[in-house]
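**Q** Structure in structure tokens, see below.
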């Protein structure tokens with residue numbers, strides 16, 4: 001027994017040296033009662049010798065292998081922080097907040113077309129206001145523009161100028177209602193150059209009142225035209241007398257004109273004796289105005 005124990009100790013020492021530090025090997029007696037280290041593959045040795053090992057505590061647990069993290073994609077410069085699903089701490093909260101932020105641009109995209117439509121409408125209104133302003137300015141310019149030379153004179157004439165023009169004018173009475181200014185001008189054509197022919201008409205009916213005024217270029221033509229007094233014009237004997245200027249504040253009814261309002265139809269002639277029709281004019285208080293004006297019954301043609 002002593003020899004067997006010594007052999008086992010020697011074998012253990014030899015096995016310990018060959019197995020590395022901290023490793024112990026024990027030989028268990030075989031079936032024949034002898035302890036020994038034989039070839040496990042030899043015949044008759046199966047189950048005769050069993051080997052047991054005692055491992056150190058450090059060798060019982062395997063060393064953990066370091067886990068390699070998958071490479072993360074690099075974000076381009078200036079890109080925002082990790083988005084949803086990045087796996088970073090607090091990413092769940094960050095995922096919720098960007099979700100709200102992303103919903104705001106959607107609402108803004110819905111409001112943008114409405115805002116653009118409002119701005120477009122405002123621009124259209126401003127353009128319309130500018131056009132209206134331009135039209136108003138144009139109308140004011142046209143209203144402030146001086147009338148043609150043939151009609152402007154009587155409107156801006158002073159009393160002295162009016163008297164001078166009346167001194168070159170005559171009154172023609174008992175004129176046929178169907179007579180025209182051209183026919184009257186032709187009737188007095190031999191007396192001198194005619195500047196203006198005015199046929200007075202009733203304001204309400206528009207029918208001629210049966211008398212007219214003829215303005216010549218010089219006073220000599222007035223004296224010549226008086227020779228046509230009681231001459232026949234369109235089958236009627238007309239009355240030709242010099243025209244008299246009405247002074248402000250003086251009213252005369254000695255000519256027996258009806259107390260009614262009237263308007264005048266005036267035709268002007270320039271120095272070259274070319275004619276043009278100037279429309280209906282009125283002669284309140286001896287003055288000629290453009291358009292349809294009113295005159296009282298105390299008007300005197302002289």
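Placed from the backbone N, Cα and C atoms, the Cβ positions cover glycine too.
Sequence annotations record features per position, and here Swiss-Prot assigns compositional bias 'Low complexity' to 1-12. Summarising the annotation, Swiss-Prot assigns N-acetylalanine to 2. According to Swiss-Prot, the region 'Interaction with SKIP' annotation covers 2-141. Per Swiss-Prot, the feature compositional bias 'Gly residues' maps to 30-47. Swiss-Prot lists 51-68 with the feature compositional bias 'Acidic residues'. The feature compositional bias 'Pro residues' is assigned by Swiss-Prot to 73-83. The phosphoserine feature in Swiss-Prot is assigned to 91, 146 (among others). Sequence annotations record features per position, and here Swiss-Prot assigns coiled coil to 111-147. The region 'Stimulates PAPOLA' annotation in Swiss-Prot covers 115-143, and the record cites similarity to another entry as its basis. Under the heading omega-N-methylarginine, Swiss-Prot lists 255, 259 (among others), citing similarity to another entry as support. Residues or ranges marked as asymmetric dimethylarginine in Swiss-Prot: 255, 261, 263, 273, 275, 290, 294 (among others). Feature annotation from Swiss-Prot assigns region 'Strong poly(A) affinity and self-association' to 255-302; the stated evidence is similarity to another entry.
How buried are the listed features, and what sits near them?
**A** Model confidence over the region 'Stimulates PAPOLA' (115-143) is summarised by a mean pLDDT of 89.
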**Q** Taking helix as H, G and I and strand as E and B in DSSP, count the residues of the region 'Stimulates PAPOLA' (115-143) in helix, strand and coil.
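**A** For the region 'Stimulates PAPOLA' (115-143), the helix, strand and coil counts are 29 helix, 0 strand, 0 coil.
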